[in-house]
Each structure stands twice: as structure tokens, then as C-alpha cells.
């Protein structure tokens, strides 16, 4: 399974590369922003893009939106520090297949990426709780 890592922090990209190095998840490339990801996906043909949200040039939400329009079967999993509700919901609306926080451990990252490739929707538990809260709020009737 081929993975493209998209994050503006080199240290993070190299860390993820190291975590995935001895697994069935092959890192086929790295990008430092969403625009670079759009350019690399057709060349590298990854199965999954691991995408940060806050990046220069083009953020991860916009890149996800464009990638999912062009490649609907491509899996895009957000990996971010953002616990902001708006970021979560915008990423999901853009087509993200998962939303993970950067504080997860190596094994959880690996299993989450495998789950996404298998059609599951990995979401960090803190963010899943925010989703449940949003959906449980009573709706105003008009």
C-alpha cells in the first residue's frame, strides 16, 4: 500500500517515514503543502495521502477537496494537531476518510492507516467525541 506524506514540517515527515519504514505501508513520496500533493498524486499514484491541515500555499482541507474530486477512490487521512471542531467538520465535508491527532503512537498510526485503506474511518477518540456531541445537540424546529 503506497502512502504520500503531506506536512510542512520536515521533522514530522521524516518521523512518519521512520514509523512506516518496516511495514507494508510504503512511503512513495513527501510534500510540504497541498499544492505539491496535487502535483505528486498523479505521478506517484498513492493508495493513501496522509495530510496535515495547516500548511502554506494550500491547506490540507482544500487539497483534500480537490484530490477527492479528481480521485474519489483515493484515501485521504488528516494528521493534525488541531482539535478545533471547525477543522474536523471541514475536513470531513471535504472528503477526508479519517482524522487523526498527532499525539497518537506509532502502532495506532499504522493500524489507523491500514483501517482507512480497508474502508474504515479512523478518527481520534477526542474528535469522535466532538462529532457525537455535535450530532446529539437538539435541532431547532422551524
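The chain as shown is numbered from 1 upward.
Positions of Cβ are set from backbone N, Cα and C atoms, glycine also.
What TrEMBL says about a protein is an automatic prediction, not a curated fact.
Sequence annotations record features per position, and here TrEMBL assigns domain 'Response regulatory' to 2-117. The 4-aspartylphosphate annotation in TrEMBL covers 52.
Non-local neighbourhood of the residue listed as '4-aspartylphosphate': 6, 7, 8, 9, 12, 60, 78, 79, 80, each in the same chain, at least six residues away, with C-beta under 8 Å from its C-beta. When pLDDT is averaged over the domain 'Response regulatory' (2-117), the result is 95.
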